[in-house]
Each structure stands twice: as C-alpha cells, then as structure tokens.
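Asker: Look at TrEMBL and you will find 12-215 tagged as domain 'Neurotransmitter-gated ion-channel ligand-binding'. If you look up TrEMBL, you'll see 218-242, 248-269, 281-303, 438-456 marked as transmembrane segment. Under the heading domain 'Neurotransmitter-gated ion-channel transmembrane', TrEMBL lists 223-454. Annotated compositional bias 'Basic and acidic residues' per TrEMBL: 342-363, in sequence order. The region 'Disordered' annotation in TrEMBL covers 342-366.
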Amino acid sequence: AVESAKGKYAHMLFNELFEDYSNALRPVEDTDKVLNVTLQITLSQIKDMDERNQILSAYLWIRQSWYDAYLRWDKDKYDGLDSIRIPSNLVWRPDIVLYNKADDDFSEPVNTNVVLRYDGKITWDAPAITKSSCVVDVSYFPFDSQQCNLTFGSWTYNGNQVDLINSLDSGDLSDFIEDVEWEIHGMPAVKNVITYGCCSEPYPDVTFTLILKRKSSFYIFNLLLPCILISFLAPLGFYLPADSGEKVSLGVTVLLALTVFQLMVAEIMPPSENVPLIGKYYIATMTMITASTALTIIIMNLHHCGSEAKPVPQWAKVVILDYMSKIFFVYDVGENCTSPKREKEEECRLEGDDGSQRRHQEVRSPLSTRNDDCNLKEKLNGNWNKSYGVHGENLNCCSCYKMLIKNIEYIANCVRDHKANRAKGIEWKKVAKVMDRFFMWIFFIMVFFMSVLIIGKAA
C-alpha cells in the first residue's frame, strides 16, 4: 500500500512539474546568472590505441550534475518523495561535448534516465565510447609512455552562461578494467578558460590527461628478441670457411630477415619524423650486417689471391701473421688447435739420426745439387775418355750431358717457383683468416653493446 501510494504521488509530481516546463531554455531564474555544471569522468576500459592514426578509443562513464530552478518541490507534500528517475530528453541538458573527438559519428548522447531530486539537482550518468585524437610519440617504442588528452566543454554556452567545475582532481579509475597492452599511471584533470578568436567571451573546459605506459613484453618476445638472435648470427659469417661459398649468402639472408621485421614495425608506427627506438636498432643492425658482408667480400678476395698476386707486405707479416695470429689463435694451413706446430716440432726431435740425415739429403740446397751435377759430369767425362779415348766423341757426349743437366735444372727451378708461389698463396690465406677472426670479435662486441643499450632503455 505504501509503494502504491508513492507511485501515485510520483505521477502527480511528474504531471505538475512538466505541465509548463520547457527543456529548450537554460533553467535559471535570472538570465544573467551562471549555471554551474559539475563534471566527473570514470574510465572503464581502453578499447584501442591506434598509433598509426593517432586515435584513442576509450569506454567512459560521464557524470554531469546541475541545478534546475524550475524542477523543485516540497517533498512533504508528496509523502516524503525526494527523488524520481525520468528520461533525460525531458529536461534541459548542457551541450558538453568532447572537443578533440576523432570519430565521424555525431549522434546524440545515450538517452539514459536522469535522477531528479526535490531541491532541483539533476544527476545524469551516461556511458560513452569515445574516439579522441592523441599525439603519439613513438621515439622510445616499445618502451614508450603516452599522454592523451580528453577535453570536455560546452559547445554553445560561454563561461558567463555555463561554467564547468571539476568534481575531482583526476578521473575516477576505481572501476578500470586492466588492459593487456597499457598500464594506467594516472588521469589528472585541469580546468582551462580559453578565449577563442571567434568570440570575446571565455569558454571553460576540463582536460583529463590519460597517462599510459606500454607493456613491452609482447614486443620484446616478438620483435626485439628475434632481432637480437639474428644479429648474433651476422658475425658468425666471418667464422665460416672461405671455400664453403656460404659467407655472403649468410649475410644477405640475415639482412633480408631484419628487413621483414623493419617492415612490420613500419606498419604499426605512424609515418612521422620520429624514428622509434626499435627502428633505430634495426637500422643500426642492418648497417652493421651490410658492412660485415662488404668486409667478407674483401676478405674473400684476399683468400683467393694466388701465385700471380704480389707478396704479403712486410708490415702485414709482422702485424698480422706474427702478432694478430697468436692473439686470435689462428694456425697455419693443416694445423688445428689440437695439434699445434710446437707439438709437431717436438715429435720431429724425437726421431732417430737416420731419419734426420735422410730428410737433410732430401732438402739439400740448389747449390749442392748443382755441385753434384758438375761432379757427375766430370766423372762421366773421365770414364768416357778412359774407355774410348776419342776427343770428338767426348765433345758430343759432353754437350749431351750439358743439355740433360740444363733440363734438370729447369725442372728444379720450376718446382722451386711452384713451391714459392704456393707459399705466397698460403700466406694470403692466413692473412684472410686472421682478418676474419679479427672482424668476428669486433662485430660480436658491437652487437653485444647494441643489445645491452636497447635493453637498458627497457629498464
């Protein structure tokens, strides 16, 4: 019976309040009086952050409250009824809009009910999905922070007619649903009074600054970490043998892989002058890989220097073959880290005297060989003279032996030249191998410091 009685008084109150009421005019008794509108924003969810188009989509609860001078009653006359809920389109509403709106939908606000109190206070809670423009700074992507403004104000009423008042010093984040990509670090609110060029009256507005911090884990594991792993493959191209034919192919493959990641980042980022941090890392890495591929080509030319090339310069022999080869543990051709040259020398010292004399005879100098040939010539001439005693025939045989010795000397010279040319090619191969090791460690250090630098930005 009590509820039915209140419903009866509510109908009676509604009919009496809106009998001569008009929602077209500002509800003040004195037209020179300012109507204060209290504004409060509650952030419920961030739907999307479009960095490329610089648009923030958010789900908000907008609460507005003001006093209507023509919607008051004595609650005692209506059985203590102190508030009623009515459709919002029946009462006057302030035309507060989002100034930096980036949506092409200009539809009316959601027509939710308003709460009308006996003293004329009207509270209007309306949900809204807003798309606002946001200046995105991607200089430190994916470790960046963004500040997006939401500016609310009256579109037609100036500050002498409708004044905005902050309900709180910041937006309400108590009902915020945690986002998977962004962390909310605050939403301070600031009131501004601006005089525009079109009008001389001041126009107040309330700007809510949404402070966002990107969660970078997704980008670290999908964009940054693969790039770091690929970057460490580039210096290994110097470790590949030059005869494998895959040194340049590895550098080109790594360069193409980084280009794919660079294109993925370019699709996300806006086409601005600010290059993101990860983009700078990609560019630096691609430059380093390009340089390593060029150096690989140069070193391969050194490796394939044959007998026709000039000898290794003396400074290169001292600096590269004597010192750098020991620093980078580069051994001669045919040697490795398990059987170095010193062990072979020790094994040779343990052999007997017979073997030593045999090797000594095999590697006699060209002068001793030439002397032996002359002795052989004299013996042969003497034996021939004793046997036949004919001077003319001796001369013919002597010329025959001279031709034979000359041919033998020619063959020996060719063998010596071949060995010298082969030794020259081996020296160039060792120079190339030492330079490969040198640049491999240089590029490993560069990749390491670049990776530490970009990871340090994350901390």
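Each residue, glycine too, has its Cβ placed from N, Cα and C.
Computed from a predicted structure; not experimentally measured.
What does the local environment look like for each feature on the list?
Answerer: Sequence-distant contacts of the transmembrane segment (281-303) (same chain, at least 6 residues past either end, Cβ-Cβ under 8 Å): 224, 227, 231, 234-235, 237-238, 242, 247-248, 251-252, 254-255, 258-259, 261-262, 265, 275, 428-429, 431-433, 435-436, 439, 443, 446-447, 450, 454.
Long-range contacts of the transmembrane segment (438-456) within the same chain, counting only residues at least 6 positions beyond its ends with a Cβ under 8 Å from a Cβ of the stretch, are 224, 228, 231-232, 234-236, 238-239, 277-278, 281, 284-285, 288, 292, 295, 299, 324, 328.
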Asker: Same-chain Cβ contacts of the transmembrane segment (218-242) under 8 Å, 6 or more residues past its ends?
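Answerer: Contacts with the transmembrane segment (218-242): 141-142, 181, 248, 250-251, 254, 257-258, 261, 264-265, 278, 281-282, 285, 288-289, 292-293, 295-296, 299-300, 303-304, 429, 432-433, 436-437, 439-441, 443-444, 447, 450-451, 454, 458.
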Asker: Give the mean pLDDT for the domain 'Neurotransmitter-gated ion-channel ligand-binding' (12-215) on the 0 to 100 scale.
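Answerer: 90, rounded to a whole number.
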